[in-house]
Amino acid sequence: MVSGMSTEEEKEGTNDEEVSEEREVEETSEEEFPKLSIQDIELLMKNTEIWDNLLNGKISVDEAKRLFEDNYKDYEKRDSRRKAKKAASKKVKKTKKKEKSVEG
């Protein structure tokens, strides 16, 4: 024990390092994945059910393909509305900021 630390202190230091590494990993993983809306989760569940039915032989490949395409079309409609709504809200926020800076 040249460092002057007891083995307990060394263990605590190691645990602190492990905890900080875990936090970094959690933060990194949270940044990598986009937030999912309820509609996104519902789409994932529908697609999972289609795969399950296909693998169990309850539906044909053609039927599964049609269902996936229908789900995708519905998703595209929702996604385009969401993007349009986001763009409109950003424009409103920018104009409000400009008005405040002109007044101030």
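Cβ from N, Cα, C; glycine included.
A C-beta separation below 8 Å, combined with a sequence spacing of at least six in one chain, links Glu32 (DNA binding site) to none of the other residues. The annotation DNA binding site is assigned in Swiss-Prot to Glu32 on the grounds of a curator's inference.
According to Swiss-Prot, the feature compositional bias 'Acidic residues' maps to 7-31.
If you look up Swiss-Prot, you'll see 80-104 marked as compositional bias 'Basic residues'.
Under the heading region 'Disordered', Swiss-Prot lists 1-34 (among others).
Taken from Swiss-Prot, the feature region 'Disordered' applies to 76-104 (among others).
The annotation region 'Required to bind DNA' is assigned in Swiss-Prot to 81-104.
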Query raised in the report: Helix, strand or coil: which one is Glu32 (DNA binding site) in, per DSSP?
Result: helix
